[in-house]
Amino acid sequence: MTTDTRLRRITGHVVLTVLSIACAFPIYWLYATSLRAPGDVHSLTILPWPLSTANYAAAFANNDVARMLANTAIVALLSAAGQLLVGLLAAYAFAAWTFPLRRTLYLMFVGTWLVPFQATMLPNYVLLARLGLLETLAGVIIPNLCSALGVLLLREHLAGFPKELLDAARMDGRSSWNILWTVVVPVIRPALAALGILLVITAWNEYFWPAMVLQRGNAVVQLGLRSFMGTEGNDWGPLMATAGLACLPVFVLYLVLQRHIVQAFVRSGLK
Amino acid sequence: MSRVRLQGLTRRFGSVTAVDDVWLDVADGELLVLLGPSGCGKSTLLRMIAGLLPPTAGRVLLDDTDVTTVPPQRRDVAMVFQSYALYPHLSVAGNIGFPLRARRRSRADIRRKVTEVAGALDLSALLDRKPRELSGGQRQRVALGRALVRDPGAFLMDEPLSNLDARLRATTRAEIAELHRALGATIVYVTHDQVEAMTMATRVAVLDQGRVEQAGTPAEVYDEPASVFVATFLGAPAMNIVPATVVATDGGLTVRATDLDLPLGIDATTPGRDVLLGVRPEHLTLTGEPGIRAVVTAVENLGGDEVAHCRAGTHTLAVRGPRPLRLAAGDRVGLTARPEHLHLFDPGTGGRLVWRTADIATPERNFA
């Protein structure tokens, strides 16, 4: 190995090390702070000592954290499931069927992606108010049941689906609806799983829309964080503890399904 | 098994006519090969028989039922695809049983039938494997099994051997031919490979630009090609085609071109007529008294045979014969061919010309 390539390798490692510390440190600091004794919250020691779970106790005492986590999970899973189902049906129609105005309809569908959230939030809010769905989880979920991203990604994926496989299934006696569930879904399961994970994480992290719909209660965990921020100052310890709990499911999901998640992000970038 | 009839079947894509007024009658138990170059419309035709593509005009009949508007899942035909189109998430047993599950047959019934078909195709040991764990030849047999398990009225096969290597192709070809004999199955088989067509078919339909140029037994299309296209598409190397003139001489009719003078063996007179003369490379023989005066330009070794490429006048002619031909580039040779091996075609239409009766002054066009 020449000095030149060795130098390049070392530089590369240094840059990557610095970047990963920059990314990981805030998360480490979050958990470190949450585990300090209530008096040490503003301490700047790298290692929290003595360890204390007092902040977690305070978080649970102040809010129904378990309930909020459960609500967040319901919102994330239902909206992700809805987006997957709508995306799958729309993408299948666009990819496997030929019908008049197919291209136009598809572009319109995907075009909704370009409409900024700020433009739709007020009409959606008014509609929910009329329907009496404010302050309910349904109000958080229903406007998010369809995502252009899901349709776009699944359609691009299905466009590469071997047409002969669909033809074969038709010859073998399946109806179009049957083909979707007995052939298409099993074959593209990895893509569906990857997209599903991406959608769950996005929905889990959503703050703004739940904050609009659920103004009085603290029904999802991201809003629960607000209760520790007051005019007299922030209650950092329980705040960090709750934030740490809010991040946990995403980290667990990530650790278990790492390969799928990386694939999901790569797909959404490339295809 | 069923009889398949195509009546005036036509398919246009925009301004392009992919299949143009095709009439074919595939008898019960027949293996009809649709043969043609890529883009001739043979796969489009097959997809219309399958019901995967609606025709622009014409009818498809299975036995006596008009199935033109019947969707594929309710037609009694099975298809073997070029890519095999095996379901990647299902095992071999799952793939073969798939059509039966779609028909809601009982589990025991399906298992019995799958075992039977797998046994016949030598797949019994592989029933639990996924398609990606199989070799090309095994995948091909699974695709065949999935068609066989249904006991369909007719089989449609779209270039099923084109993804196999040469040796496997030869054995699978024999297997399909054997299957056809054993089952007495009606098979419509699409290929661009003339060897497959000649060896397997009971009848060949040669297609060009969406039209059936000729339909007949392999021997008929080879020995009496109906057009220049059929003549040059079949045979390796292709039939030699030379623009020439038929003239009357003292010894009867003779076909003439530069450095070429071959008697037709017909004792008659005719005014001069321009034709295209066709003669197969294996029908040209070396002779002392030249009908054709040619110079050898190159010699190819095919193993058992040799092909000598020759120049006569402005034309090149291929001569095929058992090795060694004892020729080398630069040799001057005389060539001849027996009158029954000379084919005449109309220079305008490309259609085959036959001499009908002695009292008709000009050779008449005849479409087979």
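Note that Cβ sites are derived from N, Cα and C of the backbone, with glycine treated the same way.
As annotated by TrEMBL, domain 'ABC transmembrane type-1' applies to A:69-257.
The transmembrane segment annotation in TrEMBL covers A:12-31 (among others).
Here TrEMBL flags A:73-94 (among others) as transmembrane segment.
Per TrEMBL, transmembrane segment is recorded for A:106-127 (among others).
Under 8 Å from some Cβ of the transmembrane segment (A:133-154) lie the Cβ atoms of residues 71, 74-75, 78-79, 82-84, 86-88, 90-92, 94, 109-113, 120, 124-125, 188, 191-192, 195, 199, 203, 206, 209-210, 213-217, 219-220, 267-268, 271, all in the same chain and six or more residues away from its ends. Residues or ranges marked as transmembrane segment by TrEMBL: A:133-154 (among others).
The transmembrane segment annotation in TrEMBL covers A:179-204 (among others). If one looks beyond the transmembrane segment (A:179-204) by at least 6 residues along the same chain, the residues whose Cβ comes under 8 Å of a Cβ in the stretch are 72-73, 75-77, 79-81, 83-84, 87-89, 92, 96, 144, 147, 150, 153-154, 157-158, 161, 165-166, 169-170, 249-250, 253, 257, 260-261, 263-265, 267-268.
Annotation source TrEMBL lists transmembrane segment at A:236-257 (among others). Tertiary neighbourhood of the transmembrane segment (A:236-257): same-chain residues 27, 30-31, 33-34, 36, 38, 41-42, 54-56, 58-59, 62-63, 65, 69, 72-73, 193, 197, 200-201, 204-205, 221-222, 224-225, 228-229, selected by CB-CB distance under 8 Å and a gap of 6+ residues from either end.
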